[in-house]
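Shown next, in structure tokens, is the structure this report addresses.
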Amino acid sequence: MVRIFLTGYMGAGKTTLGKAFARKLNVPFIDLDWYIEERFHKTVGELFTERGEAGFRELERNMLHEVAEFENVVISTGGGAPCFYDNMEFMNRTGKTVFLNVHPDVLFRRLRIAKQQRPILQGKEDDELMDFIIQALEKRAPFYTQAQYIFNADELEDRWQIESSVQRLQELLEL
């Protein structure tokens, strides 16, 4: 039985690598944010606005516990999920946890392109975006680094890099 949790900051490649890794292992892939949106028929942004951060984080925790009941699955968490309640401890207890570590410059490049799809980043100038990323990583590092495995996910720009990363991740997890 395998249950793998991919954690990391937004833009780290949790969904990109998670889908490819699940395909390689021939197991389902669950993106926790997508799962929440399907269950509640609202975007994460709408739920966050409607319930506030505390309400959203509680809902996220409950949904994390729900998806953790599935076996033989790759789960990507939201970027903040490991940082609240006992979520990181829970994931470490119920599966294999991987922190997708990405250099801030790489995150900046990825998120700069994807700003329109991420409401929290809209309207940020380049220098503000870089400061935002660095500050968030500093706050979240104590949680992310509790993962059982730390994996460099800087190179996910094309199919070959993704395939190579999947192979490296499979070797790291000894699967």
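Even glycines carry a Cβ here, placed using N, Cα and C.
Quick caveat, the model's predicted, so the values are computed rather than measured.
Taken from Swiss-Prot as is:
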type	residues	note
BINDING	Gly11, Ala12, Gly13, Lys14, Thr15, Thr16, Arg118	ATP binding site
BINDING	Thr15	Mg(2+) binding site
BINDING	Asp33, Arg57, Gly79, Arg140	substrate binding site
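Within the set of binding-site residues (Gly11, Gly13, Gly79), the lowest number of other Cβ atoms found within 10 Å of a Cβ is recorded at Gly79.
Using a 10 Å Cβ-Cβ cutoff, Arg118 (ATP binding site) registers 13 neighbours. Asp33 (substrate binding site) counts 22 other C-beta atoms within 10 Å of its own C-beta, drawing on all protein chains shown. Here the Cα atom of Thr15 (ATP binding site) is found 19 Å from that of Arg140 (substrate binding site). Ranking the binding-site residues Lys14, Arg57, Arg140 by the number of CB atoms within 10 A of their own CB puts Lys14 at the top. Annotation: Thr16 carries the greatest number of neighbouring Cβ atoms among the binding-site residues Thr15, Thr16 [cut-off 10 Å, Cβ to Cβ]. Looking only at the binding-site residues Asp33, Arg57, Gly79, Arg140, the one with its C-alpha closest to Ala12 (ATP binding site) is Gly79.
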